[in-house]
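J.: Annotation comment: Swiss-Prot describes 1-26 as signal peptide, evidence class sequence analysis. The region 'Disordered' annotation in Swiss-Prot covers 29-50, 391-410. Swiss-Prot lists 29-39 with the feature compositional bias 'Polar residues'. The motif 'Cysteine switch' annotation in Swiss-Prot covers 109-116 and rests on similarity to another entry. According to Swiss-Prot, the feature Zn(2+) 2 binding site maps to C111, H276, H280, H286, an assignment based on similarity to another entry. Positions annotated as Zn(2+) 1 binding site by Swiss-Prot: H208, D210, H232, H247. The N-linked glycosylation site annotation in Swiss-Prot covers N341, N408.
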Amino acid sequence: MTKWSPNGNPLSTIYLILSLFTLAHTAPTTQHSRTTTQLRLEDEDGGGGVDEDSIHFVKGQMEKYGYLKGIDHSSPQEFRQALMFFQEVLEVEQTGNVDEMTVEAASKPRCTQTDVRQEQTKRTKRFTLSKRAKWAHASGQSVTLKWYISDYTSDIDRLETRKVVEKAFKLWSSQSYIKNEKKVTLTFQEASSKDEADINILWAEGNHGDEHDFDGANGKIEGNKKENVLAHTFFPGYARPLNGDIHFDDAEDWEIDVDQVGHGSNKRFFPYVLAHEIGHALGLDHSQKADALMHPYYKNVPINEIQLDIDDKCGVIWNYGGASDFCLYVWLMSQIVEAHNSSAQNNHGVGSITSSRTNKKSFKSEGFFLFQLKFPHSTLTHTDDVVMREKDKRSYRGDSKIPKCSSNNSSQRTLAEKKLTLGLHLSEADAKRYTEMVCNFLAGLHMWRTNPNHHASESLEKEYKGVSQEMGTFSGKSIAVRRLIRHAEHQKERSEKGPLDPDYFDDDFFENFFMEYSK
């Protein structure tokens, strides 16, 4: 099958990290050298009690994956804010200090894809999904891709390897849907040869011909810490013939039995790494949501127990099916509600509720509301996660604020318009029009939360901080967004209930919304 081959920057070699949207990234930069202009050691450490090499290691990781614009040009305050965000993704306490827990978590195997895309200082059109992160031969709301394994590892039986690959592709094809949303059909077939395949899968060591050398078993030393690259994947928009291909480091010891990996073992769990890499091959970027398959850090979860998160699903739907009301509302909760929580504590027109949860902590520092699991992701099994979710649903009351667009809160309307203009690349006129929907949604959400019969779930609070890189970026899809606006306008002209009608976002709407949203 012919592959699409526009100009595009290489996807970062992936050592694996994973909500809603997809753009290709450049290859990882080399670790930043130490200079005399770097932050003073006492400012970097902040009381964390770790050595200089550990601090430089964490700073290098933060710059490499997009949390810092440049470690030579960050003020102590900027560094601490970026570090707290990095700690949130690492699932350790957001102390703002480089401590042992942060160093340990940052040393775990992960994907080399960038986590955070730094915004341009001026409005320039970024590469769109259709150019860099979407298969060009997708037809309508369906895409058919062929895969082939050209070079196997000797660690796993070949037949068993093919079975795992089939299951991993089936995971994406069977779960990439949301009730009452447009159906995107993903079809995967095994090709008869490498030349016929869209996605070529192989194992290799060291320099293997694609400019992204593997680092060998257990990785390489960075400072006094190891950085370990397990695999890398190329986005659909990368130059042929590598676009869509997935490579694994054959110097590692690969395993398909989940009982053989984990604490005290250097074996790498192939099924989960592969499932994550397929997301990149489909054009999905990383998500900061720990529950998402596209979160950048590996988990040892059996493939038959992996559940795609709402971020993963919306990434596929938006990429191949176009703009979606539901996914836009998810974006709204991430981009508008989260932004409000990062800048407002007790503003007029804001409703809030407190948390009585026993197995999560809340931290407030420098104006940012931070929400964190007490235990690291590496120790959380799938069964633990299910039990925790059910327990949290019973005990949760929430701890986030909901902004409201009102006559005495014009700043919230202005924020919404700015987000829509820059984030969705809408014109000022379209942004003002869509802001009506935004404000109606927020008003309805506020009323729904204050309803005495309301029983919120853990997922509502989690999503306030769960901005996935995939769903958070809508560039290149503004035409589809404008279609949603026009559709809402036509509904209003026909006197039909729609998002431009404040009564549209009622209890029934939010009950249905969160029924799917909290899965």
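One-based numbering along the chain as shown.
From the backbone N, Cα and C atoms, a Cβ is placed for every residue, glycine too.
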J.: Radius 10 Å, atoms counted are CB only; among the binding-site residues H247, H280, which position scores highest?
T.: H280
J.: Return the single residue from the binding-site residues list (H208, H286) that has the minimum number of other CB atoms within 10 Å.
T.: H208
J.: Can you tell me the CA-to-CA distance separating H280 (Zn(2+) 2 binding site) and H232 (Zn(2+) 1 binding site), as a whole number of Å?
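T.: Spelling it out, the Cα of H280 (Zn(2+) 2 binding site) and the Cα of H232 (Zn(2+) 1 binding site) are 9 Å apart.
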J.: For D210 (Zn(2+) 1 binding site), which of the binding-site residues C111, H276, H286 has the nearest Cα in space?
T.: C111
J.: Give me the CA-CA distance between H286 (Zn(2+) 2 binding site) and H208 (Zn(2+) 1 binding site), in Å, as a whole number.
T.: 25
J.: Within 10 Å of the Cβ of D210 (Zn(2+) 1 binding site), how many other Cβ atoms can you find? Include all protein chains, please.
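T.: There are 16 of them.
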J.: Look up H286 (Zn(2+) 2 binding site) in the DSSP assignment and report helix, strand or coil.
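T.: Reduced to three states, the DSSP call for H286 (Zn(2+) 2 binding site) is coil.
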J.: When DSSP states are grouped into helix, strand and coil, how many residues of the motif 'Cysteine switch' (109-116) land in each?
T.: 0 helix, 1 strand, 7 coil
J.: Rank the binding-site residues H232, H276 by how many other Cβ atoms lie within 10 Å of each Cβ and give me the one with the fewest.
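T.: Taking H232, H276 as the binding-site residues, the minimal 10 Å Cβ count falls on H232.
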J.: Spatial neighbours of C111 (Zn(2+) 2 binding site) among the binding-site residues H208, H232, H247, defined as Cα within 10 A: which are they?
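T.: Within 10 Å of C111 (Zn(2+) 2 binding site): H232.
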J.: Over the motif 'Cysteine switch' (109-116), work out the mean pLDDT and round it to an integer.
T.: 75
J.: For H208 (Zn(2+) 1 binding site), which of the three DSSP-derived states applies: helix, strand, or coil?
T.: coil
J.: Around C111 (Zn(2+) 2 binding site), how many other CB atoms lie within 10 A of its CB?
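T.: 30, counting other Cβ atoms within 10 Å of C111 (Zn(2+) 2 binding site).
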J.: For H247 (Zn(2+) 1 binding site), what is the secondary structure state per DSSP, taken as helix, strand or coil?
T.: strand
